[in-house]
Every structure is written in C-alpha cells, then in structure tokens.
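In what follows, a structure is listed as structure tokens, so that the remarks can point back to it.
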Amino acid sequence: MASPSSFTYCCPPSSSPIWSEPLYSLRPEHARERLQDDSVETVTSIEQAKVEEKIQEVFSSYKFNHLVPRLVLQREKHFHYLKRGLRQLTDAYECLDASRPWLCYWILHSLELLDEPIPQMVATDVCQFLELCQSPEGGFGGGPGQYPHLAPTYAAVNALCIIGTEEAYDVINREKLLQYLYSLKQPDGSFLMHDGGEVDVRSAYCAASVASLTNIITPDLFEGTAEWIARCQNWEGGIGGVPGMEAHGGYTFCGLAALVILKKERSLNLKSLLQWVTSRQMRFEGGFQGRCNKLVDGCYSFWQAGLLPLLHRALHAQGDPALSMSRWMFHQQALQEYILMCCQCPTGGLLDKPGKSRDFYHTCYCLSGLSIAQHFGSGAMLHDVVLGVPENALQPTHPVYNIGPDKVIQATMHFLQKPVPGFEEHEDEASAEPATD
C-alpha cells in the first residue's frame, strides 16, 4: 500500500483577476424568491422554509463580512479529504461496505475534476482492489467476495477508466461482463440490477454505460431497451424508475444518458423533459431539487444540471433555432453560488445543504455539477463561466459517463481495438458455413 505522502497537492496558478460581477443571490430583491405559502402551512412548506432560513444565513454572512468577491473553491482542503478517503475511512462508512467500488469512483473522479494526478502506486492498489471485487460470473460486487451488481459494476468500470492504464483496462473481464449483462436482460428490454433484484432505469443506464465504454455491445443486447425507457417518461416530463412512477432527477439522468448512448434520444418528448428539469432549479437557493416539492440537494447539481448538455445536444440535432450557443438552459451562475457558498465543508469535502455532513458522494456530484455549470460546449464552441477566483475552474466532465472526456475517448479507443466478445467469432463461424442450394 502506498503511503498518503505519495500524493502531492498541485496548487493551480493564481495570476488571473477575480470575478467582478454581482452575485445573483445577494441582489436586494432576492428575498422575493423565497417560498410564499399563502398562509397555508404543510409539512413540505415548513421544511422548505427552514432550509431557506439556513441558506439566507449563509448568503448574509457573505454580504456582511465583505467576502462577496472571494468565492473560493477550497481545493487544498478537498484534496486532503479525498486523499485520506482512499486509504482510511471512519466507522461512519460501515454502512457502505457493499458500495466500495463507488467510494473508489467518487474519490477518483473528484480528484480528476480537481486536476490532481493519481500516483502510480495508488492506481495499482485501486486496480488490485477492484479486481478482488470482480465476480467469476462477470461484473463487480460491492466488495471482495460479494455478489455482482450493476451499480458497483458501473462504478468500478468508471474508476478503472479514470486510471486509464493498461493495468486498469486489463482488470475488466469483458467476456464475463457481457455474459453477466445478458443474464440480467429482461424480455421487455429492461435490466435487473442483480440476479433476483429489482428493475429500474438505473440498471439500463449502468448496462449501457459499461457496455459502450468496453465495446461489448451486440446487436441484440439492448433490443427493446430504448422503448422501455421511453415508457418511463410520465406526464410531468421527467422519467420515473419504472413506467408509471413519479419523475425523479436521478432516474431522469439515467434514462436520457442511456438513450444518448443508444442513439435513441428522440424516443422521449424532449421539450416536456426540458420544461421539467429547468423547473427543478430552486429560485432562492440556486441549486436543484430531485423531485417536485422536495428540498434542494447538492447532488442534483449533477443529476439535474447534467441533463442540460444532453438535452442541448439532442435539440441541436433536431435543428432547434432557439438554442443558445454560449450557455446551457439553466442559471449557471446561481448553481455555482449555491455550491461554493452553501455546500463546502470548512474542513474539506462537500455536502447536501447547510447543516448536513460531508461525504464522498456529495463531494463527487457537487464538483461534477460545478464543472457542468462552468463549461459550455467544447472546441470552437467552448465558453467558460467560472464564478469567483479563476482557480475555481475545474476540469470538464463528460455529461454521459461523468468521467473526464479524455478518459472516455482513451477507453473507447483502447477497447475498440478488441473484438466484441463472442460476436466476431460467431460471424466468422457463420461465414464459414457451406452454402446450400
């Protein structure tokens, strides 16, 4: 095992000027955005008012302490929090014993966004650990010796692609992984999360993500999957876990991202979906809620905001003339303010909302959402909107896979050099059969 000192904090340069525009949340009229319950209190409205009060305290502290121009991403503190997490966890994480590949992914992706390199010895240790989590049946379990499950399989493949070395790629048993995906496929096009487990949109996304990254998609593996996902879109415009259920940010992201991978985005009512997701950004807090009438949560900075690049791409492909060519269809500045002011733990790590504890899950998805809010487009269309000091800028993340775009390209190029397991061999056998009259 590598010692923690094998990590070296890389402090970015600090020569650029600070952001000088006024903050959205500190406008004199911003209080008008608070909840108006028309004197009819409900459990929901009471909880919303409590959250708004805590967030107002945070906004006020910035205003009265003259810290307005000093919105700073506490990079070094987050880096040290993440570095420790790869080596040692407190007993509070005992409940995540079946999610250990997720911890690897959340931490590695957070470091990737912060542009912190992974030392070779640490990368090797992660590869060896994830190899222990791989099941002989295919796929990865939540820990060594545990049953395989699509969620930790997704996390493990993403973590290995972030490392991006031959050693990491070689951990993945593609033949067994394909067999495992087939074993979970259902006649209606959906996938089980694990043998004997539940079906929902997450499993379709996890399957599509790992299959596309590792080049194991066969002609019939996702037959009927796009149609099943489309049936999960409900009257609200968002996507539920299964057909007929309430729209939810996490399920909606999984559904649309899976359809992007399968090139079937048009299976959805995209305008209805756009209306639903843009309505989930909270007017007062600036962050996103996961469902209608729920509270703001930092993790939806990615699950909801990450939908907007996917929708932008899909609507652009349809020739929508109303699309901006310089910004996403949500308030990017307001989201950055919420994350930077309300979601940073003073000792490192990020959190759901003021008053909550930090964890690696929220650290990963708050940083991922911050990256989405900072970067529009790519190449000639790139337009950055970085709030606060210039050093707040994060590395971009791929809106479909939520790992670095360069890591997606590197992994797909690597695995495209390998045949789809069992597929080319089957084609060769078919072509070798003698012709019959």
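Quick reminder: no glycine exception, Cβ is built from N, Cα and C everywhere.
Record check, Swiss-Prot: Zn(2+) site residues include Asp297, Cys299, and the candidate from His248, His316, His331, His362 also listed there is His362. Across the repeat 'PFTB 4' (270-312), the DSSP tally of helix, strand and coil residues reads 19 helix, 4 strand, 20 coil. Spatially, by CA atoms, the recorded positions Trp102, Asp297, Cys299, His362 include one closest to Gly250 ((2E,6E)-farnesyl diphosphate binding site), and that is Cys299. The CA atom of Tyr300 ((2E,6E)-farnesyl diphosphate binding site) is located 17 Å away from the CA atom of Trp102 (site 'Important for selectivity against geranylgeranyl diphosphate'). DSSP assigns Trp102 (site 'Important for selectivity against geranylgeranyl diphosphate') to a helical segment in the three-state reduction. Same-chain residues with CB within 8 A of the center of the Asp297, Cys299, His362 CB atoms, the Zn(2+) site residues themselves not counted, are Gly298, Tyr300, Ser301, Leu351, Asp352, Lys353, Tyr361, Tyr365, Cys366. Remote same-chain residues near the repeat 'PFTB 2' (174-215) are listed as 135-139, 147-151, 153-154, 157-158, 161, 221-229, 232, 239-242, 250-251, 253-255, 257-258, 261-262, 400-401, 408, 411-412, 415-416, 418, 420-422 (criterion: CB distance under 8 Å, separation of at least six residues from the stretch ends).
A separation of roughly 12 Å, to the nearest angstrom, links the Cα atoms of Trp102 (site 'Important for selectivity against geranylgeranyl diphosphate') and His362 (Zn(2+) binding site).
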